[in-house]
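Take a look at the structure below.
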């Protein structure tokens, strides 16, 4: 069984609120990774990013920091076009005190550009979570396996696939594809079936070879997220 890290997703408005700071401190024992979502920011630039990163560093929580700009095409609030999206990823990869960067995998995006971004991040000792999100449906099992296969051809550190299930078979297909992929690739694998019906994919992530489970501090930032303290307890049942 794979060791699973708990990532807490926070989505502050330009700066950290006191309630977010208090919650991060209170529940720090349940957290391994802080995922900072920035796609909701109206004034997005590297100075604003670095300011929040510095504020997180000042808390001295000793957690890895993952920065994510989620585009609207993959369920986020980000409205950047292709060129602006690539540019902001380059800026994030060059920021100080960032440990991990989320890069979206899209079948229409140039693999050369994706590989260039991954190499830039690695040059700066930043790990890459190559992610793909489908908020509409869950592809068939073979399509899921092929998606994982295409993603693992790039040299990221993690490959993450999140889908929307409409029945128990969708959840089983996601877990099956994640498990089979985890058995044969060198990268860490993450598979999430969103919404309440897919909760087992978050709480039993490690049983099926997954390595990160995402939780929240207050309002879920994705369908099916649960509080990190509950998530940590659920994950510990499989240890």
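Any Cβ shown, glycine's included, is placed from N, Cα and C.
According to Swiss-Prot, the residue from 70, 90 that belongs to the 3-dehydroquinate site alongside 35, 36, 37, 202, 225 is 70. Looking at residue 70 (3-dehydroquinate binding site) and residue 133 (active site, proton donor/acceptor), their Cα atoms lie 9 Å from each other. Other Cβ atoms within 10 Å of the Cβ of residue 225 (3-dehydroquinate binding site), summed over all protein chains shown, number 21.
Residue 160 (active site, schiff-base intermediate with substrate) sits 13 Å from residue 202 (3-dehydroquinate binding site), counting Cα to Cα. Separation of the C-alpha atoms of residue 36 (3-dehydroquinate binding site) and residue 133 (active site, proton donor/acceptor): 17 Å, rounded to the nearest whole number. Across the structure, residue 202 (3-dehydroquinate binding site) and residue 133 (active site, proton donor/acceptor) place their CA atoms 15 angstrom apart. Counting only same-chain residues six or more apart in sequence, the Cβ atoms lying under 8 angstroms from the Cβ of residue 35 (3-dehydroquinate binding site) belong to 7, 8, 9, 10, 66, 67, 68, 102, 214.
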